[in-house]
Amino acid sequence: MAEAEGESLESWLNKATNPSNRQEDWEYIIGFCDQINKELEGPQIAVRLLAHKIQSPQEWEALQALTVLEACMKNCGRRFHNEVGKFRFLNELIKVVSPKYLGDRVSEKVKTKVIELLYSWTMALPEEAKIKDAYHMLKRQGIVQSDPPIPVDRTLIPSPPPRPKNPVFDDEEKSKLLAKLLKSKNPDDLQEANKLIKSMVKEDEARIQKVTKRLHTLEEVNNNVRLLSEMLLHYSQEDSSDGDRELMKELFDQCENKRRTLFKLASETEDNDNSLGDILQASDNLSRVINSYKTIIEGQVINGEVATLTLPDSEGNSQCSNQGTLIDLAELDTTNSLSSVLAPAPTPPSSGIPILPPPPQASGPPRSRSSSQAEATLGPSSTSNALSWLDEELLCLGLADPAPNVPPKESAGNSQWHLLQREQSDLDFFSPRPGTAACGASDAPLLQPSAPSSSSSQAPLPPPFPAPVVPASVPAPSAGSSLFSTGVAPALAPKVEPAVPGHHGLALGNSALHHLDALDQLLEEAKVTSGLVKPTTSPLIPTTTPARPLLPFSTGPGSPLFQPLSFQSQGSPPKGPELSLASIHVPLESIKPSSALPVTAYDKNGFRILFHFAKECPPGRPDVLVVVVSMLNTAPLPVKSIVLQAAVPKSMKVKLQPPSGTELSPFSPIQPPAAITQVMLLANPLKEKVRLRYKLTFALGEQLSTEVGEVDQFPPVEQWGNL
């Protein structure tokens, strides 16, 4: 066997499928399989190489490639199965047997073996639904007349299905206690065991009832969204009847009522529960159809842009999120689904919804959008980038702002940092908006340097960090104290992010300090007139001295003015260690990699995100973990407008430094995959278990995608700084 050192996947495959081989060389075939398992992007690269070899005009080379593919399916595990089970690869196999493509030029031996492999996979891998779809499509078109006989050696042995876990009966402590009681000969212990069994059964029944209620709610939401979406698609102001409008209004009201229900479900669902993704998806679909109704029926403009409408599928997922479609579908119209990357002539998408004209520009400063928002109007399959209601709630709970792009430009109006900050305009708490309590949107912050109001080139202050959510049990303050509904006090804290172009050198000046003093006086008066506190005491904003001089803007967050609003009925937790990461900046070149294995945070459609952990903590902060986020693209399409956001529990803090870029070029077999790096800082002073949720938005080709996920595989906290 040749020297394995330095061998690549391509060299292994070239030797395994060499047309000069007299017989199948299993040394190189197994070496190819082992190399797939070793490499991080092994399955993604391997299927592309195999697709090219399988379509070889030389029969012997193609047959050897199919043998290699069969061996990989048996030896390379689920990661390889997932890549084979995508339409991108299945379309390449269909081209081999379809007369519309290569079927007339390929030998019968090759076509027969392809059909045998597809059929064996449908039997052994029922979870890969796309393989079954591809095989049934070939049968419908008459390419496959009958199911071929499968030899025993070609049959994949499916792994046994995992035993369904019952969180109640799988409780290790209760199981040990129950076993101990049952082994005892004491009648009291047996009676106690009986009580324990009954309590476990009741707990399981309550869990099942909760799951049933959740499924019923999700089904009801998806049905309402689907019906309202279909009616909006066919709505015409001239032709639609009053009955249709009444039905749409009723569906709209039901969707509005279900938004709170979904948020409550999301807050009650465990972080590791797989159904959390379904709840978030249903919430996104709900917000999308509500925005579409307001745009089409009521003529409103949602977040400064016109909402586009997409129909969710039967499972509640939006059609625009499909990974691809099969080719050769008997001339079926596929305009509503994404054309395959490998299809020779993709059909341009069409839509039944008239594209509404953009809203007229206001006389004030124009509302900025990120590059991903600007691409939201590319076609009907693009999802609306308007923040959903659940997104707003999550952002209020501490979702990190997207980091600025590098290199930033000097112009604040054109800088990508400014665009990304204004994309989260709902985080501007200074000016409340009707209908929102914790989150409000405003086009101009309250505090600005004195300047003529007509100037449109004045750069606004950076958006403040999120304010604490005020519980619904607290009575709403009067109109005179509306400042309290949006958490003014924490919003006044200065942001000292070092990488904010256009704002870094902005001084408030004397005028802004007078604004600050006037606002302080207004807060004191509002507390008394609103009836929330007595004139003699101030539980909302504690003060240390009766008469406080004018605060310089450099005053830290510990000063009374910057204390967050709290209520005695809520029970404020004791102040923990310092969480601020504003003054910490870790250059990428100074980071030393650790021996800890990287964690895959996202891996779909050739776009992959990995978390690499640094060996050391920042100086003076042993509670901060440095993570290098690597974004890789192995897809044949470019990935653009990449924005990563992160959120952690309230006892922690997360900060994303500017990424090295926002675009990834398409994959090339002769060059290494394109990559983006971004440094993430995670503060955990209480040394709790880390659970990080992320929101990822990007455009793969022309398709906009929004993904939400969670990562909890972080190194043990006690090992931070010495990984």
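Cβ atoms are placed via backbone N, Cα and C, with glycine included.
In Swiss-Prot, the feature phosphoserine is assigned, of SER275, SER381, SER590, SER705, to SER275; the remaining candidates carry no such note in the record. Residues SER159, SER572 are shown; Swiss-Prot lists phosphoserine for one of them, SER159. Ranges compared are 391-395, 486-490, 636-640, and Swiss-Prot records motif 'DXXLL' for 391-395. Of all the Cβ atoms in the protein chains shown, 15 others lie within 10 Å of the Cβ of SER275 (phosphoserine).
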